[in-house]
Amino acid sequence: MKGDIMRYQKFLPLLFFFALITTGIETDVSLASFPQISKHFSVSEGVVQLTIAYNFLGFCIGALIYGPLSDCYGRRKIMILGNALMLIGALGCIITPSIEFLLAARFIQGIGASASIVLVFAMIAEVYPFDKAMKLIALMNAGMSSSMALAPILGGFINDAFAWRGNYSFVGILCFVNLALICLFMPETKKELDSKISVTKILADYKQLFLNLKFICASLIPSLLCASYMVFVASSSFLYMGTFSLSTMEYVTHQAIVVASFAVTSLFTNKLIQILGPIQIVRLGVFLCVLGSIIFMGISNHSAFSAYFMTAFISLFCVGFAICYPVIFSESLSIFPNLRGTTSSFNMSVRSLLVFLFTGLSSLFYNQQAFTVSVVIFCGVGISLLFYLISIRFKKNIAQEVS
């Protein structure tokens, strides 16, 4: 097994990257198609937004089990299983005859998609030391975000040329190629496998994570920020093309700017960490997220509010998210080094559940106005700020006890 890792050492980051972008762009590619899907199936904008909510509900369920399963059967086998399910879901999206079928296919796709997100980061933590893992996670975020920045533009062209099924077909092709690469080249990275799956042990492991305040804060802060961002993503096409009457290409340009703000910032996160240090980076990142969400909510009801203002303030939020994410996420994976699979599962499952809840809430109250979207975003950011303050207080108490 060690020989396999050494043999593919140079290619592992590329395999990880392709697996992540396949998972990352499956939603962003289809965003430009949302208005067309709404018309095709004669359903409301809120119902179409549920394609994201159901996808993340499936993601939540899959994320809970992939970590423990991979601890027993190995990362490679579970990566193959999950990505095969994602391919099946993608094929369902292509042939869907109804909105109900599409929602079900997106749910299955979400169950499969969670495998790569859960296991890739666990595999990075197993193969690389903490400092290098943190840098690689930041680079993965930058690469994934760059592809997500291009995804709406690509999706806009595909949608104009082949309609909404063309976007899902493109995702299906990516899923097939990704599964083939995993089957051919992905090595096993877990050195020692658990002898058997024990439900009692799984529950005990999750209980250990749940009762650790330091871990809960490190897990929930980025998860809540991610959920807040996905609220914007779910409603962005309707806001830009409906509320602000932009064309498809104008919409994807704005969307690309937003995602690029995360991607470009992620490229420089490692240098910023070296200059300011992890603690100051997290503080700055949380501050920018709060600032962007407050300004967005504060002026979204103003008559002068426009698509350009929305793009600017969401981009400010994304800059903050990008600089604090790798530090907090890496910390969450390092707290319980013997439970990395379960830890990664917990992180991604909770994150997906929060995305499901927040996007579902946003779709329920969606009224084609940016203000309602901004309120839901602010709620997510506000709760993440609360957990950040709790984590600071907790660390201060620990430091005082040690001294």
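First residue shown is number 1, and so on along the chain.
Note: Cβ is positioned from N, Cα and C throughout, glycine not excepted.
Taken straight from TrEMBL:
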type	residues	note
DOMAIN	12-399	domain 'Major facilitator superfamily (MFS) profile'
TRANSMEM	47-66	transmembrane segment
TRANSMEM	78-97	transmembrane segment
TRANSMEM	103-124	transmembrane segment
TRANSMEM	136-158	transmembrane segment
TRANSMEM	170-188	transmembrane segment
TRANSMEM	209-232	transmembrane segment
TRANSMEM	252-269	transmembrane segment
TRANSMEM	281-299	transmembrane segment
TRANSMEM	305-328	transmembrane segment
TRANSMEM	348-365	transmembrane segment
TRANSMEM	371-390	transmembrane segment
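Within the same chain, the transmembrane segment (47-66) stays apart from the transmembrane segment (252-269): fewer than three Cβ pairs sit under 8 Å, each pair at least 6 residues apart. Remote same-chain partners of the transmembrane segment (209-232), defined as residues 6 or more beyond its termini with a Cβ less than 8 Å from a stretch Cβ, comprise 52, 56, 258, 286, 289, 293, 314, 317-318, 321, 324-325, 328-329, 331-332, 335-336, 339, 342-343, 346-347, 350-351, 354-355, 357-359, 362, 373, 376-381, 383-384, 387-388, 390-391, 394-395.
For the transmembrane segment (170-188), the list of distant contacts is 1, 4-5, 7-8, 11-12, 15, 18-19, 22, 25-26, 29-30, 74-76, 79-80, 83-84, 86-87, 90-91, 93-94, 116, 154-155, 158: same-chain residues at least six beyond its ends, Cβ to Cβ under 8 Å. Only residues 6 or more beyond the boundaries of the transmembrane segment (348-365), in the same chain, are considered here, and those with a CB under 8 A from a CB of the stretch are 45-47, 49-50, 52-54, 56-57, 59-61, 63-64, 110, 114, 117-118, 219-220, 222-224, 226-228, 230-231, 234-235, 372-373, 376, 379-380.
Here the listed stretches are 103-124, 136-158, 281-299, 371-390, and the one with the most C-beta pairs under 8 angstroms to the transmembrane segment (252-269) is 136-158. If you look at the transmembrane segment (103-124), the same-chain residues 6 or more away from its ends with a CB under 8 A from one of its CBs are 12, 16, 19-20, 22-23, 26, 50-52, 54-63, 66-67, 70, 75, 78-79, 81-93, 96, 133, 136-137, 140, 178, 189, 329, 333, 340-341, 343-345, 347-349, 352. Across 136-158, 281-299, 305-328, the stretch most heavily in contact with the transmembrane segment (371-390), judged by Cβ pairs under 8 Å, is 281-299. Note on the domain 'Major facilitator superfamily (MFS) profile' (12-399): mean pLDDT across this stretch is 88.
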